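First comes the structure, then the notes that go with it.
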Amino acid sequence: MSIINKAAAIGGGVIGAGWVARLLLNGIDVSIFDPDPEASRKVSEVMKGARRAYKQMVPGGLPKEGKLTFAKTIAEAVADADFIQESVPERLDLKHRVLAEIDAHAPANAIVGSSTSGIKPTDMQVAMKKHPERLVVGHPFNPVYLLPLVEIVGGDQTFPEAIEVAKEIYASIGMKPVVIRKEIEAFVGDRLLEAAWREALWLIKDGICTVEELDDIMRYGFGLRWAQMGMFQVYRVAGGEAGMRHFMAQFGPCLKWPWTKLMDVPEFNDELVDLIATQSDDQAHGLSIRELEKIRDDNLVAIMDALSKQNKGKGWGAGALHKDYTKQLAKLAAKKPAASTAAEKAKASKPVKKAEKPKKKKKG
């Protein structure tokens, strides 16, 4: 059950709309601000896909949706919000302007999460003159309404209490919060993806394989292993009865071989862009983006549902969380009164802690 009653979403693109969908489908009221005149239509399209996926997850009926309001200003959107998620484009100057306005108008005890995929929170906090201590990075993965991972990163001015409250908030809407121990650009997930992306660009550019062949190598091979065990546990099993030490002794030396070009970046010229875009068009076989999104969502639900039945019915990995989340949604759907009142009761029992500025040390 969520510990927030009203949320605000600043930015309604793919990620922002995904946050809106997850929050609304958990019965939480959301006020959104996005200057794009097409924002309402785009959010509506994402909501259609999210509702469809959630109906598969909870066939017995979904909770009463939260109310969605389109605000005319950031100030209007964040008024009375317990939780604010910023999802504007990845430009530091824009982040500064938006966060400064959020900070000026949001309640002092509201947690502010940023969806940035690479900017350090310390670099964003400088724009927040009132309460920089309540800003955390809350980096999700697309589609936000289905993929549970959220990377939480604190900056130099972030209070530890803010990180703890952020963890509770994200967990309450069915997510898997992972706190990154040290502040670093691009955090963890995107750093791994960038390394694979760079090497993939070289493989396509050099004609080693096509984009479809590369994707097949991932989805028919190690991608299936990663989805349920990650990287290190897969390698532990690959080491046999001797485990990880044997694996590292056997395969560690190959890291010295010059197999990859991970530190080099191919020139992103028109020729490479055209090559990849053309092959990607061929790979789609005429399917639209919306059709591909539907296939993606159906597959994700099926994978998580399958994993939820493993480990003697307790669920495994993302499946264990999926099992608990679908139970939570079903329980919320069966509850009376409506979800917003239930969230208010939860908030009253465990309020979001109000941030306090550290006391200045006395001179002398």
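Glycine too: its Cβ is placed from the backbone N, Cα and C atoms.
Swiss-Prot has this to say about the protein:
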BINDING   GLY11, GLY12, GLY13, VAL14, ILE15, GLY16  NAD(+) binding site
REGION    336-364  region 'Disordered'
COMPBIAS  348-364  compositional bias 'Basic residues'
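Sequence features, as recorded in Swiss-Prot, placed on the structure.
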residue: GLY11; record: NAD(+) binding site; contacts (Cβ under 8 Å, 6+ apart): PHE33, ASP34, GLU86, SER87, VAL88, PRO89, VAL98, SER115
residue: GLY12; record: NAD(+) binding site; contacts (Cβ under 8 Å, 6+ apart): VAL20, ILE32, PHE33, ASP34, ASP36, ALA39, LYS42, VAL43, SER87
residue: GLY13; record: NAD(+) binding site; contacts (Cβ under 8 Å, 6+ apart): ASP34, ASP36, LYS42, SER87, PRO89
residue: VAL14; record: NAD(+) binding site; contacts (Cβ under 8 Å, 6+ apart): VAL46, ASN142
residue: ILE15; record: NAD(+) binding site; contacts (Cβ under 8 Å, 6+ apart): SER87, SER115, PRO140, ASN142, VAL144
residue: GLY16; record: NAD(+) binding site; contacts (Cβ under 8 Å, 6+ apart): ALA9, ILE10, ILE32, ASP34, VAL43, GLN85, SER87, VAL88, SER115
NAD(+) site shell beyond GLY11, GLY12, GLY13, VAL14, ILE15, GLY16, criterion: Cβ within 8 Å of Cβ centroid: ALA9, ALA17, GLY18, TRP19, ASP34, SER87, VAL88, SER115
